[in-house]
């Protein structure tokens, strides 16, 4: 069974279609955050680390380009989607992400844009809200590009390391990469939340959106 799965994944990773597929998934994640595309980058990176395919540099270039294009389209759609954001149900993870974005926009949008790239729902809310309030596009493009570069690099690199460590069993390498990405993403959000709590206490900010 494992050999069959490995052979199936191998055939998928070795086809040239993997490159446009990765680009499409990353692009759509920027517009419709239904499935975190970093998972795809972890998996592709892990297989590249174990088998040498697909080309990790090409994957990086495609992922960065697709994410930046998708983010900027979402930014310009901000004024049209802000009504949808306002109807986000309270008590959901999406609502918590919305609160995080609004709090951090008040402190400094530049750093928040970069950090939000590592939070699946957070990056979408951040992009839409900044577009809706007419945040300067060049500033958004600059900080978003930095965030995308860091985000794509860590997603691919973690998977790549997992693939290298478990090159004899690339499926385990993929799982290692996914677990590592989850831990790092959780750690970034935890540290940011702790910093936000400390900053709220220091400056007396209310916990309101």
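Even glycines carry a Cβ here, placed using N, Cα and C.
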Between the ranges 87-107, 171-191, TrEMBL assigns transmembrane segment to 171-191
Against which stretches of its own chain does the transmembrane segment (137-159) lie, if we need a Cβ under 8 Å and a gap of at least six residues from its ends?
38, 41-49, 56, 59-60, 63-64, 67-68, 71-72, 75, 109-111, 113-118, 123, 127, 130-131, 173-174, 177-178, 180-181, 184
By DSSP, what is the split of the domain 'VTT' (35-160) into helix, strand and coil residues?
104 helix, 0 strand, 22 coil
